[in-house]
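The ATP binding site annotation in Swiss-Prot covers Lys9, Phe57, Arg85, Thr91, Arg102, Asn112. Swiss-Prot lists His115 with the feature active site, pros-phosphohistidine intermediate.
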Amino acid sequence: MEQTYVMVKPDGVERGLIGEIVTRIEKKGLKIVAGKLMQIDRELAEKHYAEHIGKSFFEDLIGFITSGPVFAMVLEGDDAIATARRMMGKTNPLEADPGTIRADYAIHTNRNVIHGSDSLESAKREIQLFFAPQEILSYQKAIDTWI
């Protein structure tokens, strides 16, 4: 089973969208194997967005992601990374397909409600940044015995 990292950003938390997003994830068949509400500090934010250091938008990005709590999750399932990315929609909500999380809830590219790993490598790196191994659980969903 593939794992991916997904995070409801501060704008999503502040707007009360955690439940809606979790519902969509579970209805799609992805399993949440770790989750926590947390406040990201600057050090963790810089590690998370290290590839953007030196870019013109870096300080705004760090300021936003540390501005309020986030809901961090590890999702598990067949093709979990691609499935989560399709559910989220394009980064720019104006370009996101109707019915995606960003098309339905995001206001602006810089306030786009949700983050998800874009590759297996980034998923592994982000999961390790945000979760200790003992925080990631393994369990069987009731429907698993029937599939």
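Counting begins at 1 with the first residue displayed.
The backbone N, Cα and C atoms fix where each Cβ goes, and this holds for glycine too.
Structural mapping of features recorded in Swiss-Prot.
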residue : record                                          : CB count, 10 Å
Lys9    : ATP binding site                                : 23
Phe57   : ATP binding site                                : 12
Arg85   : ATP binding site                                : 18
Thr91   : ATP binding site                                : 13
Arg102  : ATP binding site                                : 22
Asn112  : ATP binding site                                : 22
His115  : active site, pros-phosphohistidine intermediate : 20
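The separation of His115 (active site, pros-phosphohistidine intermediate) from Phe57 (ATP binding site), Cα to Cα, is 16 Å. Thr91 (ATP binding site) carries neither a helix nor a strand DSSP state and counts as coil. A distance of 7 Å separates the Cα atom of the residue listed as 'active site, pros-phosphohistidine intermediate' from that of Lys9 (ATP binding site).
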